[in-house]
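Lifted from Swiss-Prot, the feature list:
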type     : residues                               : note
COMPBIAS : 18-34                                  : compositional bias 'Basic and acidic residues'
REGION   : 18-47                                  : region 'Disordered'
ACT_SITE : Tyr107                                 : active site
BINDING  : Asn161, Tyr163, His172, His234, Arg245 : 2-oxoglutarate binding site
BINDING  : His172, Asp174, His234                 : Fe cation binding site
DISULFID : Cys198-Cys235                          : disulfide bond
REGION   : 260-352                                : region 'Disordered'
COMPBIAS : 272-285                                : compositional bias 'Basic residues'
COMPBIAS : 286-306                                : compositional bias 'Basic and acidic residues'
COMPBIAS : 315-343                                : compositional bias 'Basic and acidic residues'
Amino acid sequence: MAGFTDLREKLKSMTPHRDKVFEYSNGEKRKYRESDDDESEYEERRDAEARRVKSGIKQASIFTLEECARIEAKIDEVVAKADKGLYREHTVDRAPLRNKYFFGEGYTYGAQLEKRGPGQERLYSKGEVDDIPDWVHELVIDRLVTHGVIPEGFVNSAVINDYQPGGCIVSHVDPIHIFERPIVSVSFFSDSALCFGCKFLFKPIRVSEPVLHLPVRRGSVTVLSGYAADDITHCIRPQDIKERRAVIILRKTRADAPRLDSNSLSPSIVSPKRRHILKAKRSHRKADPDAAHRPRVLEMDKELQRRSLSSRQRRHDDGSSENSWRRADDREPAARYTHDHAPTRRVKMRRH
């Protein structure tokens, strides 16, 4: 990590020759374009997919600068309340350089369940997250209804994503079995971009060229449906978050969306006592946009070093070395392993 102060710098240094590798949306790879015909075919396929993505996107500039400032002040109030521990347990989800605040409905990511992967996401039980604040209805949702963006009564889930410079969210599709379409988002604090069809990889961290790079301006509304919502992933790249940025995501949950039962939770996050302790510690952490991502990147570097070790060294590992690096977005670090559930494994944690 020496010499790097931001994920964006590490990305740039790790992919100086990325033009030599091209990826199609169906996952096949071709190294080096062998002829003009190959290049033409590649461009045609990329352009065709970009047109399909665009067909499912609508954007509008609805909020004035004054309205943005008022809403941004309310977002700051949400952050302050979360830092004081005033929200319910599952309302707040923290990750390096990105915090999420769930209102109305909250849901687990696949990695928080014993059975992991796409399609395993579940809504929390009713009442597990705080209600949608009145100001979200009055300042945001009602304005979108007035402009015909969404019908009245559509939204029952509001999520605020608060990014610091260099923050990101990996490529994903909003769970189809959880949320109706469209997916509506409103951007605040600064301009950014939404990218479609990226291969977002770690170890080392790198992001491929997107099928479509969609600028999103402060105060703009973005609506995803059809191909853009269901048939291609979208992400926020570290290099596209140059200043603090927040987005309010407004969705409607499906009537038949599955909900959690206690048996579905990973053992490491079941204990109410343990969750209470984590909440108290978490609420007093100070945001440090220059440092919060450093353990994440250092662990990636350590993983590369560990892979170079001989099999003999791995066989004689006494279990006291650090565990393989896990994606920081999967879950809170202190909740990944506990002495109660994994007494023979130990993780060295860094505090800020």
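Note: Cβ is positioned from N, Cα and C throughout, glycine not excepted.
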Same-chain residues at least 6 apart in sequence whose Cβ lies under 8 Å from Tyr163 (2-oxoglutarate binding site): Leu97, Arg98, Ser192, Ile236, Ile241, Arg244, Arg245, Ala246, Val247
Fe cation site shell beyond His172, Asp174, His234, criterion: Cβ within 8 Å of Cβ centroid: Ser171, Val173, Ile183, Ala229, Thr233, Cys235
Of Cys198, Cys235 (the disulfide-bonded residues), the residue whose Cβ has the fewest other Cβ atoms within 10 Å: Cys235
In sequence order, the recorded positions (Tyr107, Asn161, Asp174, His234) whose C-alpha falls within 10 A of Cys198 (disulfide bond): His234
Distance from the residue listed as 'active site' back to Asn161 (2-oxoglutarate binding site), taken between C-alpha atoms, in Å: 14
Under 8 Å by Cβ from His172 (2-oxoglutarate binding site), counting only residues of that chain that are 6 or more apart: Thr233, His234, Cys235
Rounded inter-Cα distance in Å - Asp174 (Fe cation binding site), the residue listed as 'active site': 11
Local Cβ density at Arg245 (2-oxoglutarate binding site) - other Cβ atoms counted within 10 Å: 23
Chain-internal residues near the residue listed as 'active site', provided their CB is under 8 angstroms and they sit 6+ positions away: Glu121, Arg122, Leu123, Tyr124, Pro175, Ile178
The one of Asn161, Asp174, His234 whose CB sees the fewest other CB atoms within 10 Å, among these binding-site residues: Asp174
